[in-house]
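Straight from Swiss-Prot, the features:
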type	residues	note
ACT_SITE	61	active site, nucleophile
ACT_SITE	64	active site, proton donor/acceptor
BINDING	480	substrate binding site
REGION	476-486	region 'Important for specificity'
């Protein structure tokens, strides 16, 4: 396969303008050799410190594959340690996930960073290492049986890291360095778990080109699920190492990139900290990463021996940027879809309790269900398709097939409500699942929700009606990124009287609150 280097150069030149922000880095590896390496903008605007290819940046959740790689390289068969999962979930009432299901995001556990919102956290407060396990230990149920579906869950990898350190008797930073950083030639990569002290004093920025950029104030401690800082030089060395070991079936990357599957045998889209998807017409493994003020994305196309890496110190889409580089290098043009008609609307999934909203534009559809929006284009057969998702209609119902999640949803139409009296739902509610409270206040047409729990009393969040007895709670900033976004809140009644609520987002579904 021959790269279109001219097109790749043009795509690289376009990144600072297309994905506007303080700075970024991007690089490409082909056949084990670095063919492009760029750094632009500033690692700190105020101090005028330029971004460089040697500047270490948080790679965030890309760290998950390193955790899984070390796990396989040190402990081997994960099944031998399945019994240890119970130690971290002492109140869990259903079947427990296996260690492999944790690594594959098939545990069914709710994401602990999403739950920090419901436990009363404020986005910038300190979250210590010792704060995580008590929060996880409160879990009593999951949102699906282990091994049957996919849901992104950071605490899966926190549990994995705790087991890994306990079984080896060694600290995770040392294991990363011995098993991956050293062999791969990642000379400056290290685990920087405390986000208050970023490597090389790099500054991440919230905001946008429309409103301006301001330094992100992060205070979380993460390990196993994220936490590695690495320069572009380090990450390109990692990609070269992957290529150099491609023919060794016992190499770490070969082992973590085996095709995953669900317990029913259906192929899965995520395994051992790697996403399996098709980008620019080719199969890739990779992962994204996010922390407030930072975004990262890597892709590796094994058959093409091609890798792409992008990191921003702002919140533009690194996934879109990396995809554009892959498409340029391969000469891939995405097919244009027909203009959709009659798809716009909103529906409610009775199983998950989540809202589905579909918007139309000239180029396709925007589906809002998971943490981020899905873009779908209309094929010649009239079926809207996106990455791992398609839509169909069955009368008034909307059928969403998320092959990437092993999930089919038959959602019922939800009439639009834009004005509702929140007075009857105002009050205090308690969630047994979380051992935490929700307070709703209503005044002069406005409604707000506040969460109280293990981590304190969080800020009041906006509450907006969207349908009969259905509201959304809007969370735009949280400890981790991206934030949960819109939570769907359903009102539960008995004899017309409000008795409770059901709250959920894609990361944390079906949480019941009883009126106090």
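The first residue you see is number 1, and the count goes up from there.
In case you wondered, yes, glycine gets a Cβ from its N, Cα and C as well.
When Cβ atoms from all protein chains are considered, those within 10 Å of the residue listed as 'active site, nucleophile' total 25, not counting its own.
DSSP assigns the residue listed as 'substrate binding site' to coil, not to a helix or a strand. Residue 64 (active site, proton donor/acceptor): 29 other CB atoms within 10 A of its CB, across all protein chains. Reported as a whole number, the C-alpha separation between residue 480 (substrate binding site) and residue 61 (active site, nucleophile) equals 11 Å. In the three-state DSSP assignment, the secondary structure recorded for the residue listed as 'active site, nucleophile' is helix. The Cβ neighbour count for the residue listed as 'substrate binding site', using a 10 Å radius over every protein chain in view, is 28. Per-residue pLDDT, averaged across the region 'Important for specificity' (476-486), gives 88.
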